[in-house]
Amino acid sequence: FQVHDRIKYLRHLIVSLAQAQDISQALLVFSHDIYDEEINNLVQSIDFCKVMQFFYPFSIQLHPNEFPGADPNDCPRDIKREEALVKKCNNAPFPDLYGHYREAKFTQTKHHWWWKANRVFNQLEVTKNHTGLVVFLEEDHYVAEDFIHVLKLMDSTCKISCPQCNILSLGTYLKTFSYYGDPKKVEVTPWISSKHNMGMAFNRSTWIKIKECAEYFCKYDDYNWDWSLQHVSQYCLREKLHAMVVRGPRVFHIGECGVHHKKNNCESTGVITKVQKVLKSSLNHLYPNYLTLTYVSPLKKSKIRKGNGGWGDRRDHMLCIGMTLR
């Protein structure tokens, strides 16, 4: 779990995890980029399975006035490159592809994601030899009670029927979905960052291939970890990322506000209520005993996308590459 500071959502996530079947067999690993007593106490109160916490060491909280936080001598976001060079601010030669200079709060999430993945797969004693699945979730996600059951089913189906599937995706951003027609359906499709980044799981062999493409991830001018992973898939991997995606989602996005979304009412529990209603009305359709595969080819050839920028600073490239554990 990647955790920032939205404790309200985190509480709901933990409640949903407590209700999940077989959760006692799982290890929950919480990776924080903020040290907050209330959040720590909440995580430490979990008593239904094994739990670990660790803290991202290059956070803005720990480096408020120096890189990777915002150094007073960093170039302002919108200054022109020529002015920046005259001014001799820190990162003057390296604006992003839109001519903007880095903003620390936007760079942190990608760094944190990469650091956390490296730590779990390569450094933690308890997981560094784990060959099974690692599921990536965030503080504003919510899980269905059969998410582990479905994940295991997807994993075994992959081994038999879909050897090219290297990412399992438990979530969906679709606004409408039905468990009645789709409880057993999974789709096989090329992995698309904006569609298949929620509740995704992969194993060590997939991670090793991604990690070997660290330069593609770390130097791509986009501050989003998922767009950067898409870039890795398109330009570096011999076998591109292919996802097996559940039609009836087992992971939901309940966050109304975050890095990308600012709504007037960030306290809204409307989404959570809706998710709980959907799951309650679908109880008879959970726990499928087998899955049926549909192969989906994208409607149109996905054109090579230009990055979103925010990641032109060479210091970010070097920090990210430096966090890659061999």
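We number each residue from 1, going along the chain as drawn.
Quick reminder: no glycine exception, Cβ is built from N, Cα and C everywhere.
As annotated by TrEMBL, substrate binding site applies to GLN2, VAL3, HIS4, ASP5, ARG6, ASP33, GLN108, THR109, LYS110, HIS111, HIS112.
In sequence order, ASP140, HIS141, TYR142, GLY171, TYR173, MET198, VAL271 make up the list of same-chain residues 6 or more apart from HIS253 (Mn(2+) binding site) whose Cβ falls under 8 Å from its Cβ. What TrEMBL records for ASP140, HIS253 is Mn(2+) binding site.
The disulfide bond annotation in TrEMBL covers CYS75-CYS89 (among others). Proximity of CYS89 (disulfide bond) to non-local residues of its own chain (separation of 6 or more, Cβ distance below 8 Å) is seen for ASN73, ASP74, CYS75, PRO76, ILE79, TYR101, given in sequence order.
Listed in sequence order, the residues of the same chain lying 6 or more apart from CYS165 (disulfide bond) and placing their CB within less than 8 Å of its CB are CYS158, VAL188, HIS242, ALA243, MET244. According to TrEMBL, the feature disulfide bond maps to CYS162-CYS165 (among others).
All chains included, 16 other C-beta atoms sit within 10 angstroms of the C-beta of CYS236 (disulfide bond). The disulfide bond annotation in TrEMBL covers CYS213-CYS236 (among others).
The feature disulfide bond is assigned by TrEMBL to CYS218-CYS320 (among others). For CYS320 (disulfide bond), the count of additional Cβ atoms within 10 Å of its Cβ stands at 25 [all protein chains shown].
For CYS257-CYS266 (among others), the entry in TrEMBL reads disulfide bond.
Within 10 Å of GLN2 (substrate binding site), judged by CA to CA distance, lies none of the disulfide-bonded residues CYS213, CYS236, CYS320.
Within 10 Å of the C-beta of HIS112 (substrate binding site) we count 21 further C-beta atoms, all protein chains included. Across the fold, the C-alpha of GLN108 (substrate binding site) and the C-alpha of CYS320 (disulfide bond) stand 10 Å from each other. With a 10 A radius on its CB, HIS4 (substrate binding site) counts 22 other CB atoms from all the protein chains.
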